[in-house]
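All remarks here apply to the structure that follows.
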Amino acid sequence: MLRLVSWNINGIRSPLQGVKYEEPSSCSAMAMGRILDKLDADIVCLQETKVTRDVLTEPLAIIEGYNSYFSFSRNRSGYSGVATFCKDSATPVAAEEGLSGLLSTQNGDVGCYGNLDDFTQEELRALDSEGRALLTQHKICTWEGKEKTLTLINVYCPHADPGKPERLTFKMRFYRLLQIRAEALLAAGSHVIIMGDLNTAHRPIDHWDAVNMECFEEDPGRKWMDGLLSNLGCESGSHMGPFIDSYRCFHPKQKRAFTCWSTVSGARHLNYGSRLDYVLGDRTLVIDTFQDSFLLPEVMGSDHCPVGAVLSVSSVPAKQCPPLCTCFLPEFAGTQLKILRFLVHLKQDPVFKQSALQPSNQTQVYMRQNKARVRSTRSRSSKTVSSRGQKNLMSYFQPSSSRPQTSNLDLPSLGTLKTPKTSEEDMMANVVEGLAKASEAKDEKEIRTSFWKSLLGGPSPMPLCGGHREPCVMRTVKKPGPNLGRHFYMCARPQGPPTDPSSRCNFFLWSRPS
């Protein structure tokens, strides 16, 4: 059996709270190893790792019993990124970063890119610059004893921000590139599995509020998935795409099967989310080898939960990891880097190099004149010093005759200095004056204290929501517009179905400006 798991981890350095352990945070390797053991998969695909190569640490990348592969964002730090961890028993024969082939090294790559004439080089480079795709190719053995090739595409598809229409275009072009690459691999004779966060809820059953969403079926991402996937169980003549949604193949009518929830509204508490994470397999592979497809909503640590599938095949491990494996990175390979690695060799013009090594005749004459001038200066200075004579060290401790003599000043004797006496009246006046000043200072301090207490009396009590008569929470408008930055009150309960009385009510109240 081959068990596959995919998880949008929402930062590989921060999912460790999803698994309870007693080790300190410095034991990243042990914590990451425990997460992989808890997922209990032969191949684990992670999305949204949010690390770049300069901040990736060895405890997160090198886990005993696994070989790992990373794709990093090249534009922004702490953004996007995917990683694939394979058990040593499922070591891939090839691994490659990106979908276009522009990031390939021609050594240990997967290949099969398809026809990319519709894309420019700049567009392909931009689509692969965010670290959203990672391919590993494996050898598998079926129960009949036949050895086949399986290509696993770990993908984190872009999110289309409603306020940024250019990101929708970017998302759809990424979808197009993904489909071209997957179909090219299928045409080359490899089985293909696309697994990861596709950032689209395909059917109304996959979204908590699809009924109230305008033009749900007309979304470009959903239309793309309609063309990519086959409609199992439908009448004859329906569209038959090259891939199958494995979860809907085994659970076609399972409701509230969500994989992503809003952390701001606490929607996970009432399972009020959407299904954005998938395991898509080619038709032949799913029908012949898939045994189950599942969700793991009990695994915490991210705003997504893991998804996975089980195949009735066994993995044939490669004898050596592909060059993309993190164990071959210089910073993790255990080899000391030389300083020459950080220097750039500059090519000099031969004429310039010769002129620099062999000065001209005019330069040689000028250098001889300078040397003669320095010699004459040194000889004159040495004669001057010898004529004066060298001073003895004791000469610096002898009294100088030119030192001015101290004048005899008439200073008063100690006996003539007298301390004035303070009378009792003066002492009493000073005491009374001190007490008056202290009382004035105390009164002034009390006035200041009362003023600041009235000014900084703390926040006013939260209003009660209309549905449950419970204290509200204050939120801030972050959407651009005339209300940007304004505060408002809303029900503090988690978001849920409107028919659930335990979910958030519709109470809303603007906060008055102070």
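Placement of Cβ uses the backbone N, Cα and C atoms for every residue, glycine included.
The active site annotation in TrEMBL covers Tyr156. Residues or ranges marked as active site, proton donor/acceptor by TrEMBL: Asp197. According to TrEMBL, the feature site 'Transition state stabilizer' maps to Asn199. Here TrEMBL flags Asp277 as site 'Important for catalytic activity'. Annotated site 'Interaction with DNA substrate' per TrEMBL: His304, in sequence order. Here TrEMBL flags His304 as active site, proton acceptor. The region 'Disordered' annotation in TrEMBL covers 374-424. Taken from TrEMBL, the feature domain 'GRF-type' applies to 465-514.
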Long-range same-chain neighbours of the residue listed as 'active site, proton donor/acceptor', Cβ under 8 Å, sequence gap at least 6?
Ser6, Asn8, Gln47, Glu48, Val155, Tyr156, Cys157, Cys260, Leu276, Asp277, His304
Need one number: mean pLDDT over the domain 'GRF-type' (465-514).
86
Applying a 10 Å Cβ distance cut-off over all chains shown, what neighbour count does the residue listed as 'active site' have?
26
Can you check which residues sit near Asn199 (site 'Transition state stabilizer'), meaning Cβ under 8 Å from its Cβ, same chain, 6 or more apart in sequence, and list them in order?
Cys157, Pro158, His159, Ala160, Lys171, Gly221, Leu276
For the domain 'GRF-type' (465-514), DSSP counts of helix, strand and coil?
0 helix, 12 strand, 38 coil
When you measure from the Cβ of His304 (site 'Interaction with DNA substrate'), how many other Cβ atoms are you left with inside 10 Å?
24
